[in-house]
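J.: Got a structure here, written out as structure tokens. Questions coming.
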Amino acid sequence: MFEKPSWSVKSLFESDKSSAAMPAITQKQLHHLLRLSALPLPASEVQEAKMIKDLKSQLKFVQAIQQVDTEDVEPLQSIRDETKEAEMENEITVRTLQKDIDKEEVVGRRGRIRRRTDVPAAATDKRMKDWDPLAQAPKKLGRLFVVDTAKD
């Protein structure tokens with residue numbers, strides 16, 4: 001089916017034989033369209049001729065699009081992968097956000113959330129899980145370390 005292209009970009013460009021099928025765009029029609037669009041009128045005849053040529057080209061493109069057979073084509077809902085696998089991959093859960101949640105802390109009286117930048121990216125690394133912050137403390141009391149004050 002797709003071995004040979006069914007059209008080319010060159011077919012959309014203005015040619016002598018294709019311009020015969022296009023209805024002529026008059027100066028009056030161009031000025032009417034420009035007023036409807038709240039655009040300024042052309043300053044010169046050269047600019048007006050270029051606008052008419054551009055408008056003819058745009059109309060030819062629209063006609064080419066209208067001639068495309070869309071009989072068995074389903075309407076496009078969105079430009080993204082809508083398969084089940086893609087939906088599961090793109091689903092946002094607490095587990096997928098856990099690394100970012102671990103970098104947040106609540107600060108201040110109003111409980112604002114601040115993202116810490118000093119947290120290593122691999123906070124769930126085995127070394128971090130096995131790390132014992134009390135290992136170097138000289139005195140411990142359960143899960144707390146004891147600080148001796150020298151009051152004599």
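Numbering starts at 1 and runs along the chain as it is shown here.
Cβ coordinates come from backbone N, Cα and C, glycine included.
Nobody curates TrEMBL annotations by hand; they come from automatic prediction.
Quick paste of what TrEMBL says about this protein:
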- 23-76: domain 'Glutamyl-tRNA amidotransferase complex subunit Gta3' (DOMAIN)
J.: When DSSP states are grouped into helix, strand and coil, how many residues of the domain 'Glutamyl-tRNA amidotransferase complex subunit Gta3' (23-76) land in each?
T.: 32 helix, 0 strand, 22 coil
J.: Restricting attention to the domain 'Glutamyl-tRNA amidotransferase complex subunit Gta3' (23-76), give the mean pLDDT.
T.: 90
